[in-house]
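These come from TrEMBL:
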ACT_SITE  148  active site, proton donor/acceptor
BINDING   7, 385  Mg(2+) binding site
BINDING   14, 208, 209, 210, 211, 212, 283, 284, 285, 331, 332, 333, 334, 335  ATP binding site
BINDING   91  substrate binding site
SITE      180  site 'Transition state stabilizer'
SITE      241  site 'Transition state stabilizer'
Ligand code: AMP
């Protein structure tokens, strides 16, 4: 079965076409600058030169049409006809409390996603545009939605409620949701496989640290706490986001600096984190380069980033009464051996011991980087959210097909 995975943003759309026979990626690409005269379509096919086209793409319907033209192109496509696309899986950022797992799209699901627009005003409307665009271009093809929040719906009340008046939760569903769930879910499955132990026996802390960053306590396969909250601003220090801070800073700063709410929102989301402390960049590679040249602000940004992550690791060890495995993933987690070493340095009380040679190895493969006598196993697992979306979509579509054929057989028997 060929499954198209789509991550639709407001002005861009990323895609991957999977052949689920061996879970291989046939093509991947993106449409950027949707709504502009110079939209850019790119496509990569393993073993072939990359394709790039510039044309005017004014909306998501045309963007999906262009990507379908690309994958079924007679010269540089990978399928003969778009009829080969049997299902589409979408990444959706916010599933609120309604969606505890991935589901097939129907009218009710679409209505529920719309009702969550308030909680993710930048993301969910764009995802809906992607879903509608697929309906227009591939009528009748089943679509599934996979939510960033769903994996964290297992968090207990003590972890997901904020200590603020409960009426705010009742009226507006203000609570902690957590994000990056697809990634935390994927790497925890992979980690259990690598360790050769059942997931439901393990206590794990997964650190998804890229431009956005979050840390999750996964006990016996389910998320019991995670660092992001109502929005992806809470928790760890990130590239441009502050992470945790005293909420009183908001009114105090507004007052002292004569800022509006929107100014402060933008400050905390776009001008804080690594970029604010280093005064240089939100990109960890640039921070590490500057640090190597003796830049003290870059060093401070790095140290604060590590310090705040280590605090969460300590907290989640307490939450689970122990930890068996620590997992690093996403851009920084997968690539920065110096950051991993620094984070693990002060975890010796837990019995964390890295193997420096293994930690320094450059490979894209999932691997263990702890020493044989480390009480806590430390792993690096490249994340693959698209694959998990493709797998969930495949499962939902095949389950639906077999339930329909079961119903038909029952009908015949009767
Ligand atoms: P992501 O959002 O997962 O794509 O991660 C982006 C982050 O990963 C950026 O801060 C990059 O600087 C960082 N990153 C990627 N490669 C490296 C590397 N080799 N060393 C340090 N950081 C890296």
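Just so it is clear, glycine is given a Cβ too, placed from its N, Cα and C backbone atoms.
Using a 10 Å Cα-Cα cut-off around residue 211 (ATP binding site), the recorded positions 91, 148, 180, 241 reduce to 241. For residue 180 (site 'Transition state stabilizer'), the nearest neighbour among the listed recorded positions (241, 285, 332, 385), judged by C-alpha distance, is 385. Selection of the binding-site residues 7, 91, 209, 334, 385 by a Cβ distance under 6 Å from ligand 1 yields an empty set. For the pair residue 332 (ATP binding site) and residue 241 (site 'Transition state stabilizer'), the Cα-Cα distance reads 15 Å. Residue 7 (Mg(2+) binding site) has its Cα within 10 Å of the Cα of none of the recorded positions 148, 209, 283, 285, 334. Put simply, of the recorded positions 91, 148, 241, 385, the one whose Cα is nearest the Cα of residue 285 (ATP binding site) is 241. Of all residue pairs in the ATP-binding list (14, 208, 209, 210, 211, 212, 283, 284, 285, 331, 332, 333, 334, 335), the one with the greatest Cα separation is 24 Å apart. Neighbour counts were taken at the CB atom with a 10 A radius for the recorded positions 148, 283, 334, 385; the maximum falls on 148. Residue 14 (ATP binding site) sits 12 Å from residue 385 (Mg(2+) binding site), taking the Cα positions as reference. With all protein chains in the displayed structure included, the most crowded Cβ environment within 10 Å among the recorded positions 180, 285 is that of 180.
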